[in-house]
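The structure appears below as structure tokens.
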Amino acid sequence: MSQESSQKLRLGALTALVVGSMIGGGIFSLPQNMAASADVGAVLIGWAITAVGMLTLAFVFQTLANRKPELDGGVYAYAKAGFGDYMGFSSAWGYWISAWLGNVGYFVLLFSTLGYFFPIFGKGDTVAAIVCASVLLWALHFLVLRGIKEAAFINTVTTVAKVVPLFLFILICLFAFKLDIFTADIWGKSNPDLGSVMNQVRNMMLVTVWVFIGIEGASIFSSRAEKRSDVGKATVIGFITVLLLLVLVNVLSMGVMTQPELAKLQNPSMALVLEHVVGHWGAVLISVGLLISLLGALLSWVLLCAEIMFAAAKDHTMPEFLRRENANQVPANALWLTNICVQVFLVVVFFTSGDPDGMDPYTKMLLLATSMILIPYFWSAAYGLLLTLKGETYENDARERSKDLVIAGIAVAYAVWLLYAGGLKYLLLSALLYAPGAILFAKAKHEVGQPIFTGIEKLIFAAVVIGALVAAYGLYDGFLTL
């Protein structure tokens, strides 16, 4: 068997990659995160919107994987094929930043969890925590350098291991669930700080996106799949599995403790919910599960970060140095660039801990990472819609075209809703992070002797720059904060 064929990923590994990417730290903090924004009624409405929106997005990724198998790189490739080089670059850049910002947040949460057992790690932002996080970062880095397939196998093992505590949590809370607690204040009327039901639903949206980031994981690795048809299957199977886990964890928690009680919990709040039911050993169980979960999620996202930059560099949308692979067919330069950025921001976390805004480093990274991935998701959904409108690949399949048109239309509407729900603040902060990427885009274009921007791309870039300038001034003046 050749080295290339031995690196191919089967359906099980691809599905584990999707599940492993989505089940990181988010689900373990879900009870408090949701209760801080919404009560039971709004939570149920929000999950219904999320289920429909994210399922249509999963179906779009499945359809694109089947109908456009020649496109490698997922969100990046779809944006480029549909809307040009700069949109493709922007999707790659935004996805990449989202991924490694999420990794920084995961490192902080991991050592914050260890702080439950070893106070020296505090909330994940002490000297000891940053030093140990750095050691772990580079250990994962060199593991991935040994080969994509080897790391994917380890991810499969950690995915299975971390799901067990989640099922135990669900089973125990199912028996501890009390209907009178669940229905005590369905619409949150006793807590005016939550606002209207519409505001509650809107405020919980970024959290739902955060816990679903990774749904596109299999499509990013489409070029390494043993069967291209497995990419779509892995996306949908992974989505349904994670959706069930998320909804059960969230809803059952609200039948064990009230919304005000959940909102006041420290994270990982799932550990404290189980401790409330069964005692100290419950918190230990969930904390161990979280540690395994975070290690698996970090491994998944280290892989995804490098792969998206590598895919963009292969066709000259990113500079040439990012497409170089080592002897194990790993995009080594992309991996080095990614983890250097993570290392820098781990140091930044230490120096920005205790900011007067009161927001912890993990939450800041969560919100920024989520806002950065909204644009790549939008362009992927829009490309699915574009194919159906043009009839491309549907020449003899009118019925499928009509079905996919509806699905892609819903996915686009959902993506636009997410941009609205995220709010102007995070749209401007995203522009501030998107704008500097044009330097790499210009370098890549210079390497192949092409003009940097063409046509409408100039207007889009101008809008990004204006948004970035407004954000920069806002941070300076104080009307915007991270």
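Each Cβ is built from the backbone N, Cα and C atoms, and glycine gets one as well.
According to the topological domain annotation in Swiss-Prot, Ala36 and Pro451 sit on opposite sides of the membrane.
Secondary structure of the topological domain 'Periplasmic' (32-40), assigned with DSSP and counted as helix (H, G, I), strand (E, B) and coil, comes to 5 helix, 0 strand, 4 coil. Counted over residue pairs separated by six or more positions, the transmembrane segment (404-424) shares fewer than 3 Cβ pairs under 8 angstroms with the transmembrane segment (284-304), which leaves the two as not touching. Residues 26, 46, 182-183, 185-188, 191, 194, 200-201, 203-204, 207, 250, 253-254, 259-260, 262-267, 269 of the same chain lie 6 or more positions beyond the ends of the topological domain 'Periplasmic' (32-40) yet place their CB under 8 Å from a CB of it.
Looking only at the topological domain 'Periplasmic' (257-283), the predicted model's pLDDT averages out at 89. Helix, strand and coil counts from DSSP across the topological domain 'Cytoplasmic' (305-333) read 16 helix, 0 strand, 13 coil. Of the candidate ranges 41-61, 125-145, 284-304, 366-386, 459-479, 41-61 has the most C-beta pairs within less than 8 angstroms of the transmembrane segment (236-256).
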